[in-house]
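> Shown below is the structure under consideration.
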Amino acid sequence: MGLFSRDKPKIKIQTTKKDGFSGWLKCTHCNELIHANELEQNSNCCPKCDYHYRLSTEDRIKSLSNPNTFKPLFQNLQPVDTLNFVDTEPYPKRLANAQEKSTSNEAVVVGTCMINKHKIALGVLDFSFMGGSMGSVVGERLTRLIEHALKEKLPLIIVSTSGGARMQESILSLMQMAKTSGALAKLHEARIPYISVLTNPTTGGVTASFASLGDIIVAEPNALICFAGPRVIEQTIGQRLPPGAQKSEFLLEHGMIDCIVKRPELKQKLAELIDFLKGNFSEENEPSPPPKNLIKKTSPLKDKN
């Protein structure tokens with residue numbers, strides 16, 4: 001049996017379950033009934049147990065930016081099948097299927113917007129597009145966004161959710177790790193703030209590159225953040241990790257991230273962080289102390305499993 005000809009595993013995508021009553025859903029985490037409108041008003045977080053469901057790029061941008069201020073950039077960059085890669089199906093067919101199912105034409109949307117009073121450069125990865133995997137176009141769009149932030153002296157925010165580097169682009173996808181990291185080094189030298197927001201899941205080459213290079217690293221509650229996931233580690237070394245060892249609460253306790261922020265509070269917290277960072281990164285200003293309660297630990301969200 002060939003490497004790419006094996007049977008496809010049945011993968012279940014976690015979503016809210018529809019109940020028999022119109023407009024009502026059952027939370028897959030706590031099994032409580034919630035109304036769809038209530039879920040939407042709470043930024044797609046369960047109002048009963050605070051479980052954070054995934055957001056589309058469109059909804060993520062709406063939740064973070066002031067209304068009608070987002071202006072997309074570099075949307076003309078499109079993926080190509082440089083390697084003529086075929087696994088269970090040709091890479092161009094995978095791309096076409098992903099573009100048909102998603103509101104995005106690639107796994108990242110970049111642009112500029114306003115967050116409260118601040119104009120910022122914003123990048124949002126899309127997990128619904130091939131698992132948010134980083135290929136050449138994802139790396140190039142992010143690099144150009146970083147260069148745009150450098151040119152215009154805009155604070156940069158990247159919201160990550162990804163399975164890592166894109167297998168179908170092989171070494172070309174791995175090259176994006178170095179390219180994005182090099183661009184961020186120039187941004188840091190120019191003293192322009194970069195905030196990295198990690199959502200569930202953020203893994204692989206994305207975790208090992210730009211997602212971990214923020215001046216401040218923010219995470220959503222109970223997010224899986226790692227390089228290799230628990231299943232891969234278990235298959236490799238034959239041992240299970242301790243419960244929650246790769247979740248954002250564990251990483252906060254061990255100094256890998258700076259704070260955990262619930263999604264409904266994220267926009268305001270980012271605005272406060274930009275206020276603080278702009279003052280400290282400006283060459284004209286003396287470093288100022290952080291505002292009270294700017295960064296604080298939150299109680300861990302208990303995992304259902």
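Placed from the backbone N, Cα and C atoms, the Cβ positions cover glycine too.
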> Select from 27-49, 73-95, 142-164 the stretch of residues annotated by Swiss-Prot as zinc finger.
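From Swiss-Prot, the annotated zinc finger range turns out to be 27-49.
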> Give, as a single whole number between 0 and 100, the mean pLDDT over the domain 'CoA carboxyltransferase N-terminal' (23-292).
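Mean per-residue confidence for the domain 'CoA carboxyltransferase N-terminal' (23-292): 93 out of 100.
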> Using a 10 Å radius around each Cβ and all protein chains in view, which of these binding-site residues has the most neighbours: Cys30, Cys46?
Cys46
> Do you know which of the binding-site residues Cys27, Cys49 has the most other C-beta atoms within 10 angstroms of its C-beta?
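Result for the most crowded candidate: Cys27.
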> How does the zinc finger (27-49) divide up by DSSP, counting helix, then strand, then coil residues?
6 helix, 4 strand, 13 coil
